[in-house]
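Q: Structure incoming, see below.
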């Protein structure tokens, strides 16, 4: 950057300036030329600084965008890490539970083997005691030797009970065998659960790994058996145990994305016309498989309810326990029971009041009449079919008539009452009647009265 040029003098007034310019014009000419060059140089430097500033601003914006992208990637990585940690914790808990079950099964098996060994030792000792310890001298007793031995054994004290045969040893009660698995993916989880239950309860019936694997292969057919067949050589299974066999089947027929598929199925589930108990059983099963937090389940449950149940929720006074998943489900079940109760009871019957006995009025004497032709009288039974639709006559028309729906949509009228300002979803006329009916039904349900010892239905009204 060049320094700013200085004037030849700094005059105090205009007269001194004019006099100096007149006397030294070459100095002031040089000063003017330097000033011009200085201004030109300053302008070039300003342009360069402006361009540099724009470049730095662009670089700053790019850096800011990169920083934002980095933050998003960091958040995504943190979410993935959190999800992986959660899944890892679930796998660890599952492995610990499986290991604990295997340890318990091994312990039960060891106890059963120890009991069996003890029973066999007791049997051997009893048989050893039952044998004679000395040789019996020969006598002239005509009694056969085998009968005599039995008599001697019978007269021994204390009396020994013959050991129970091996088939009479107490064994676990056999549970039913699961249906044979043919490769249906939707039935694999049920099949694997039944196999594990069978091995856990009837562990004493399958004491060896080969017996357990043989039982597993006996419950397979078709495509499912083809996945286990390569692990069988000359009738001997090469797998370690039945759990490894189930793992082979799970890789082929199991749902590898069970939690994600359960989440998608849970979000797509709708009650429609099902009973709430049947619907909630499927909802709860999918909720457990998806692993979703219970805080999110009430909102998903409410979105899946039927139209009738949601409409009933809007008419219920007081607070709704939709903060707790299980309490909300219990509340909805009670609400569904009440709705079904009122849907099956008889409609209200109005009893006419007894009228006082009155003498019948005398019938008038018939008089001969002359038929008179009456002129046609105009009746106002609603708009005719050919009459154009207007604001004045649209209320007398049905929404299903041709052109009525389009007219109401164009003029922003309610499809129910044909008035502006609202829609048929929140029509005050329709909701008012529904609220009145609900209030009457609820009062009848909560305050059941009895007549003649029998309770009246919840919506049976009487007028005395």
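Just so you know, glycine gets a Cβ as well, placed from its N, Cα and C.
Remember, TrEMBL labels are computer predictions, not curated facts.
Just lifted these from TrEMBL, have a look:
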- 46-112: coiled coil (COILED)
- 146-157: compositional bias 'Basic and acidic residues' (COMPBIAS)
- 158-170: compositional bias 'Polar residues' (COMPBIAS)
- 171-184: compositional bias 'Basic and acidic residues' (COMPBIAS)
- 414-429: domain 'CCHC-type' (DOMAIN)
- 134-184: region 'Disordered' (REGION)
Q: Can you name the far-off residues of the same chain, 6+ from the ends of the compositional bias 'Basic and acidic residues' (171-184), with a Cβ under 8 Å from a Cβ of it?
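A: Same-chain contacts beyond the ends: 190-191, 194-195, 197-198, 201-205, 219-224, 249, 253.
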Q: Reported in the order helix, strand, coil, what are the DSSP residue counts of the compositional bias 'Basic and acidic residues' (171-184)?
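A: For the compositional bias 'Basic and acidic residues' (171-184), the helix, strand and coil counts are 0 helix, 1 strand, 13 coil.
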Q: Quick check on the domain 'CCHC-type' (414-429): DSSP residue counts for helix, strand, coil, in that order please.
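A: Counting residues per DSSP class in the domain 'CCHC-type' (414-429), I get 5 helix, 1 strand, 10 coil.
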Q: Give me the mean pLDDT over the coiled coil (46-112), rounded to a whole number.
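A: Mean pLDDT for the coiled coil (46-112): 92.
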